[in-house]
């Protein structure tokens, strides 16, 4: 019984007690200086790093983006194969639309009037022969141009190769023209339309800014000094800003990057949220490791001749592909989120 009363008394005594921490004042220049330096470092970290650099008081959101492009320009060529010819956007933009990119034809090798028939394979390792025994009927090779017939035939006065069933005459493996056929492509222009959205803040904008009207858009061309907000770009200017020469790049083709960066602070006026453009070459241009340089592919145009026989023109096209890449993030004060 006595133990129970003692326990209750202790609990009551603890419940109605009040204690304060004991403060010890140390009068020392070294200790005081160290204390103030520590406090200053904590304050500098919170204000400088967390609030100013990392904007810890703000909420962030990543950009959602869509890109469309429209190329314009006319080129004139005069060659022995094609004669005098005009090239418009339907000829040199292949395909007409791509996702976040566009391709402009700048150079080409043409093989005219191909038909499905028999012809000697182009001389190369694995296709040379001296008799029919060296050729296997039905054989096909990914490095070749057709299916072997089993015959060894003359390719030239000194060369014999295996005959193939293919689109004949075969394409010749040779270097593309230099200077490029579509040298005028450097003066082509492209309208890049970029719409962005920050879903967390329900904020939308596009790179055709509010003050840009139809009259301005019809005559402006992007210039970093005089027209930094114009969304129409001259192809040569983009390549030049990447420290490349357009005519040199146009011979074998290549890949360019168009970078659009949106860094927006919605605590500031929305008019301050504008795109910044930069340009760089993306494909490898190593002068030592220069095997298979540039960018090219083949396509064909098909016809019917007077005998109702299918013929085609084979084109090995070289050109520049422009990849449009959009980056960015938005920040906004956390206390203002209720406005969205």
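Cβ coordinates come from backbone N, Cα and C, glycine included.
The ATP binding site annotation in TrEMBL covers 70, 71, 72, 189, 296, 297, 298, 316. A C-beta separation below 8 Å, combined with a sequence spacing of at least six in one chain, links residue 297 (ATP binding site) to 316, 317.
Under the heading disulfide bond, TrEMBL lists 119-168 (among others). Cβ-based neighbour count (10 Å, all protein chains) for residue 168 (disulfide bond) stands at 17.
Here TrEMBL flags 129-152 (among others) as disulfide bond. Cβ neighbour count for residue 129 (disulfide bond): 21 (other Cβ atoms within 10 Å of its Cβ, all protein chains included).
The Cβ of residue 162 (disulfide bond) lies under 8 Å from the Cβ of 120, 121, 127, 129, 134, 135, 148, 149, 150, 151, 152, 153, each of these being in the same chain and 6 or more residues away along the sequence. What TrEMBL records for 135-162 (among others) is disulfide bond.
Per TrEMBL, N-linked glycosylation site is recorded for 187. Listed in sequence order, the residues of the same chain lying 6 or more apart from residue 187 (N-linked glycosylation site) and placing their CB within less than 8 Å of its CB are 73, 234, 235, 236.
Annotation comment: TrEMBL describes 220-230 (among others) as disulfide bond. Here residue 230 (disulfide bond) comes close to 212, 216, 217, 220, 221, 222, 223: these same-chain residues lie at least six apart in sequence, with C-beta atoms under 8 angstroms from its C-beta.
Around residue 273 (disulfide bond), the same-chain residues at least 6 positions away in sequence with a Cβ under 8 Å from its Cβ are 205, 262, 264, 265, 266, 330. The disulfide bond annotation in TrEMBL covers 264-273 (among others).
Cα to Cα, residue 72 (ATP binding site) and residue 168 (disulfide bond) are separated by 35 Å. When other Cβ atoms within 10 Å of the Cβ of residue 316 (ATP binding site) are tallied across all protein chains shown, the result is 18.
Looking at residue 119 (disulfide bond) and residue 298 (ATP binding site), their Cα atoms lie 20 Å from each other. If you take the Cα of residue 296 (ATP binding site) and the Cα of residue 168 (disulfide bond), they are about 21 angstrom apart, rounded to a whole number.
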